[in-house]
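What follows is one structure encoded as structure tokens, with my remarks underneath.
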Amino acid sequence: MVHFTAEEKNAITTIWGKVNVEETGGEALGRLLVVYPWTQRFFDSFGNLSSASAILGNPKVKAHGKKVLTSFGDAVKNLDNLKGTFSKLSELHCDKLHVDPENFRLLGNVLVIVMAAHFNKEFTPEVQAAFQKLVTGVANALAHKYH
């Protein structure tokens with residue numbers, strides 16, 4: 001179980017309250033698909049993923065990115081129960097979708113990069129550390145059913 005200090009919780013909730021889920025989600029998922037192209041195999045139904053511009057402009061990538069980040073928002077609301085929060089999604093990704101759990105870690109790292117770009121000076125090293133802890137906790141919660 002991940003334990004967050006009061007300062008970490010405050011940093012996470014303060015920044016998360018400013019996140020544009022649609023924009024940030026689409027960009028994070030898009031970057032994942034560009035930077036780690038083998039992850040595209042899970043998104044065959046998304047159409048044209050042939051180039052960075054095609055991926056970043058793809059409405060299905062943007063829509064799914066929003067869906068992913070909306071789920072991530074559940075983590076922010078349930079910082080003390082990440083495993084429980086992601087139990088059903090872990091089961092879905094393990095049993096039905098067969099997603100390599102390493103992809104959750106990759107997406108978390110990409111999300112931190114995107115947020116750093118969006119929030120610039122507000123995304124201090126302390127805020128980054130709190131979010132890195134959160135994305136690691138979410139990745140572990142999503143990978144829970146794999147063990």
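Cβ from N, Cα, C; glycine included.
The domain 'Globin' annotation in Swiss-Prot covers 3-147 and rests on sequence analysis. According to Swiss-Prot, the feature phosphoserine maps to Ser51, an assignment based on similarity to another entry. Marked as heme b binding site by Swiss-Prot: His64, His93.
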Ser51 (phosphoserine), number of other Cβ atoms within 10 Å: 10
Pairwise CA distance, His64 (heme b binding site) versus the residue listed as 'phosphoserine', rounded so that it is a whole Å: 18
Three-state secondary structure, which DSSP defines for Ser51 (phosphoserine): coil
Structural state census, the domain 'Globin' (3-147) (DSSP three-state): 116 helix, 0 strand, 29 coil
His64 (heme b binding site) CB neighbourhood, other CB atoms within 10 A: 19
Arithmetic mean of per-residue pLDDT over the domain 'Globin' (3-147): 88
